[in-house]
Amino acid sequence: MDKVKVVIAGPRGRMGREAVQLVKRTDNYELAAVIDHKNGGGHLGDFDGFSEFGQIPVYSDIAVCFQEIEPNVLIDLTTPEVGMHHTKTALEHGVRPVVGTTGFTKENLQELEALCHDKGLGCIIAPNFALGAVLMMKFSQMAGRYFNDVEIIELHHDQKLDSPSGTAVKTAEMIADVREQKQQGHPNEKETISGARGANFDGMHIHSVRLPGLIAHQQVMFGSEGQTLTIRHDSYNRASFMSGVKLAVDTVVKIDTLVYGLENIME
Ligand SMILES: NC(=O)C1=CN([C@@H]2O[C@H](COP(=O)(O)OP(=O)(O)OC[C@H]3O[C@@H](n4cnc5c(N)ncnc54)[C@H](O)[C@@H]3O)[C@@H](O)[C@H]2O)C=CC1
Ligand SMILES: O=C(O)C1=N[C@H](C(=O)O)C[C@H](O)C1
């Protein structure tokens, strides 16, 4: 393949804008089109801050986009509901998805895994593209073998739609794979204000903080007799996610199954 022909869904968003720049500066990628539900029929160059992108077409209908453009890869950075529809439509049209959009359910993942299998196509769903965040999840999983008591605190900007974050859910899943199951806290503990103990995942607790000024942060705290261990990652800008997006695009064109989490493709 000469150049990887890429379509980006959500180009005007916080992540989409960064991804557009990533594709532009990567020699063997070509930004073939973008998907934007509000501006179909126009050109990317018409959007505020995108004049350098001139005549790159904007589609509202993703199926029409795939039929006319025939891209290799879709990068989806939209919303949970839309992201699932985009990912399925991509696979149905022979396009390999790289999905940063969070909020996919277990059932969504199972459905997509089956579709990848049927079509013989790769798809990468990455709850977090920041390589440091992936390491934070892996280190947390290592710690989960030795500490049964864990509280996950994820902290994000206040425009985030889903909670807990995709990263927190994936972290909890990875820890649950190795942790001896335990219902944490006092057996008789009572919340005097509902939600005080956060979400309960397999007996672990997840707390979601939303504040202006934050970008994307997570702290995983482990405790046992006389000690605590805290593992923390901070993304201070959205450029922090782009090396992971590039790794996913470079990998997805070579695989024919669904991969959930960058830890599965990081060497
Ligand atoms: N995997 C990762 O490393 C990261 C994932 N995310 C996730 O990526 C997603 C996007 O995040 P942000 O860029 O912060 O959100 P955002 O709200 O800035 O951008 C979302 C974009 O989706 C677009 N959109 C909504 N409906 C659409 C549709 N029907 N068709 C096409 N575009 C549509 C909106 O116009 C908007 O531009 C979220 O799910 C977020 O959780 C965010 C940061 C990192
Ligand atoms: O919405 C965000 O901003 C982020 N979403 C992802 C998540 O839900 O984990 C990744 C990162 O935390 C930023």
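A Cβ is built for glycine as well, from the same backbone N, Cα and C atoms used for every other residue.
Just one of Asp27, Asp36, Asp149, Asp158 is listed by TrEMBL for the same NAD(+) site as Gly10, Pro11, Arg12, Gly13, Arg14, Met15, Gly100, Thr101, Thr102, Ala126, Pro127, Asn128, Phe129, and that one is Asp36.
Those residues of the chain, other than His157, Gly166, Thr167, with a C-beta within 8 angstroms of the mean position of the (S)-2,3,4,5-tetrahydrodipicolinate site C-beta atoms are Thr102, Pro127, Asn128, Glu154, His156, Lys160, Asp162, Ser165, Ala168, Ala216, Gln218. Taking a Cβ cut-off of under 6 Å from any atom of ligand 1, the recorded positions Arg14, His156, His157, Thr167 reduce to Arg14.
Nearest Cα neighbour of His156 (active site, proton donor/acceptor) among the listed binding-site residues (Arg14, Thr101, Thr167): Thr167.
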